[in-house]
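Q: Okay, handing you the structure first.
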């Protein structure tokens, strides 16, 4: 939309431009808020497994920690070009800065341990162990018999789907359980930034659903710095092969941009316990992607597991009004 041209002085023209820009931001915010939060989670669930599948294939050409660095660094570049997250740093208080630094370190360590585990163990096993942390978070919010039953169904479905067994390489399980703890911290810190607004800039709407994404972008820049000492050397082969480099960038977009952004949009409107329980859908989504993309036909155990997970998520009840409903004037 072009700026309206009036024969006013420069001050009035600047005000008109600011109002137009604010209207654009408000329009985008309104569109985001009109979409149901489960739609964002659905997108995140799909890319949660597309990204790792691309990364595992790249391990044959680039070192594991190199792939992790490419993922984090490319995501940091995307966030930097898209959101310019460094601009918000001066508007943060010391506690908010600590949260962003902590999240950045968690992202760097979590992605590195996740790939180290996937290099030694089946993806389904790593994913099942990763889910154990979210079970603990969901349990904290399951204070009713209905929610306890929902959680039991979801957990039962996950174990039926993954057939979790503590066998194989011990070091792989060390990495997997380390990733489990870090993934739980990611959910806690990610939910914190999604529900904690930052000081608004001039002419910006009071409530900005992109605030959490800006904070996520700042954390991703910190993650790139944290991961560089341990990963950049292993990523050197990709820097001399354009195809491998493009592959690594694709991993970053599919693994750390699309799912993390949609996570933020979902976390901003879902209680943490609800979001943690919905993560139980991820193993079911892996089965669906395996059928559609890889032609892996699920057996009766897979179908039973999917049914249990879906029933658990459907049965779960928040019992807490959404943040938007709480803030809506009477």
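Residue numbers in this text run from 1 along the chain shown.
Cβ atoms are placed via backbone N, Cα and C, with glycine included.
Copying in the features that TrEMBL gives for the protein in this structure:
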- 31-50: transmembrane segment (TRANSMEM)
- 56-79: transmembrane segment (TRANSMEM)
- 99-117: transmembrane segment (TRANSMEM)
- 123-142: transmembrane segment (TRANSMEM)
- 149-167: transmembrane segment (TRANSMEM)
- 173-195: transmembrane segment (TRANSMEM)
- 213-315: domain 'EamA' (DOMAIN)
- 216-238: transmembrane segment (TRANSMEM)
- 244-262: transmembrane segment (TRANSMEM)
- 274-297: transmembrane segment (TRANSMEM)
Q: Look at every Cβ pair spanning the transmembrane segment (56-79) and the transmembrane segment (173-195), keep those 6 or more apart in sequence, and say whether at least 3 of them are under 8 Å.
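A: These two segments do not touch.
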Q: Do any residues of this chain, six or more beyond the ends of the transmembrane segment (173-195), have a C-beta under 8 angstroms from a C-beta of it, and if so which?
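A: Distant contacts of the transmembrane segment (173-195): 99-100, 102-103, 106-107, 109-110, 113-114, 116-117, 120-121, 125-126, 129-134, 136-137, 166, 211-212, 215-216, 219, 260, 263-264, 267-268, 272, 275-276, 279, 323.
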Q: Express the predicted model's confidence over the domain 'EamA' (213-315) as a mean pLDDT, rounded to an integer.
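A: So the average pLDDT across the domain 'EamA' (213-315) works out to 84.
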Q: Please report, as numbers and ranges, the same-chain residues at least 6 past the borders of the transmembrane segment (99-117) whose CB is under 8 Å from any CB of it.
A: 52, 55, 59, 64-65, 67-68, 71-72, 92, 126, 129-130, 172-173, 175-176, 178-179, 182-183, 185-186, 189-190, 192-193, 196, 215-216, 218-227, 230-231, 255-256
Q: For the domain 'EamA' (213-315), DSSP counts of helix, strand and coil?
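A: Reading the DSSP string over the domain 'EamA' (213-315) gives 86 helix, 0 strand, 17 coil.
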